[in-house]
Amino acid sequence: MNPSKSVTPPLWLLAELTYRCPLQCPYCSNPLDFSQQKKELTTEQWIEVFRQARAMGSVQLGFSGGEPLTRKDLPELIRAARDLGFYTNLITSGIGLTAKKLDAFADAGLDHIQISFQASDETLNAALAGSKKAFQQKLEMAKAVKAHGYPMVLNFVLHRHNIDQIDKIIDLCIELDADDVELATCQFYGWAQLNREGLLPTREQIANAEAVVADYRQRMGASGNLTNPAVRDAGLLRRAAETLHGRMGIDLPQRHADCTALPCHSARQLPVAFPSVLERTLDDIWYNSFGFNRYRGFDWMPEPCRSCDEKAKDFGGCRCQAFMLTGDADNTDPVCSKSPHHGKILEARREANCSDIKIQQLQFRNRSNSELIF
């Protein structure tokens, strides 16, 4: 465990306001047992969390979920965060968004909006989201967001069922005048891990997608188009654990809808007790709690991590992934080619290459499925 003085303050607070959501994406990062989570922080409790985070030095606040638009107090939360000096970002599916709400959010001081899509066409988007009306609503709201003058990021979670249309995805983003595009290769936690065999792209799909994005970047740069398509790492398909280091208490605290403070979306599954913000202050949690300090620094690392010349870059990789795939969070992340458990990744790749799971065979993120699992 590191002494408190060696730990830098958190820069970004991700507030998962709720697990309620009108969509049913089979790759959702929310916990499988979300149906068992009954509590949400009140308006006043959230504002107190914001105040504590700002006092610690946090400068950016993301409103997430579930779908944050299901919170009727969202304008009040935005205003409180803005008054505290946060740069605020709404991370939304766009379902439930209206021009009237955009006006209210602007009045409250919202700085930035990210809208997620499931695909570049209505049919595939409907199949993945579990809603036939979602695609047109997203299109309308993306246009409305730009009309209201917000900076806008469009987010697409990529997996085997939509990655081959990546050229059409980028074309749609250009058409909608997105300021940035996040092509986020599916991260296999939560519902995505449950559906991994049916979602994991093949290596050939990833290579083709990267080539398409590289070509677009070159052509768009030459034409002066400022839209920036950014590809988030391919997770199980390559060794790039350095992209995960911020998820283990370096600069990314997350506050979940049930009052628990977590260092990442998936840390709930670890055999570590994480504290509630109703019982301890954020400052105390960040600097002194066992859960947030358990995997800081290098002392906890086994070999080959401890003597690896890249440990200051990847921080031993993802503890949640190590736990999911090996049953022991202390093990070297199997994504690393040096890991004695790397065979599990090779096995997952082989399964992906042989898989013929259709979209309708996936387990969708909804309350009924959550209750069946738990």
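Quick reminder: no glycine exception, Cβ is built from N, Cα and C everywhere.
According to Swiss-Prot, the [4Fe-4S] cluster binding site annotation covers Cys21, Cys25, Cys28. Cys28 ([4Fe-4S] cluster binding site) carries neither a helix nor a strand DSSP state and counts as coil.
Residues annotated as domain 'Radical SAM core' in Swiss-Prot, with sequence analysis given as evidence: 7-222.
Using the Cβ center of Cys21, Cys25, Cys28 for [4Fe-4S] cluster, the list of other same-chain residues with Cβ within 8 Å runs, in sequence order, Leu23, Gln24, Tyr27, Asn30, Gly66, Ser93, Trp191, Arg365. Using a 10 Å radius centred on the Cβ of Cys28 ([4Fe-4S] cluster binding site) and all shown protein chains, the other Cβ atoms total 25. A mean pLDDT of 94 is what the model gives for the domain 'Radical SAM core' (7-222). Neighbour list (Cys25 ([4Fe-4S] cluster binding site), Cβ cut-off 8 Å, at least 6 residues apart, same chain): Gln118, Leu128, Ala129, Gly130, Val157, Trp191, Phe364, Arg365.
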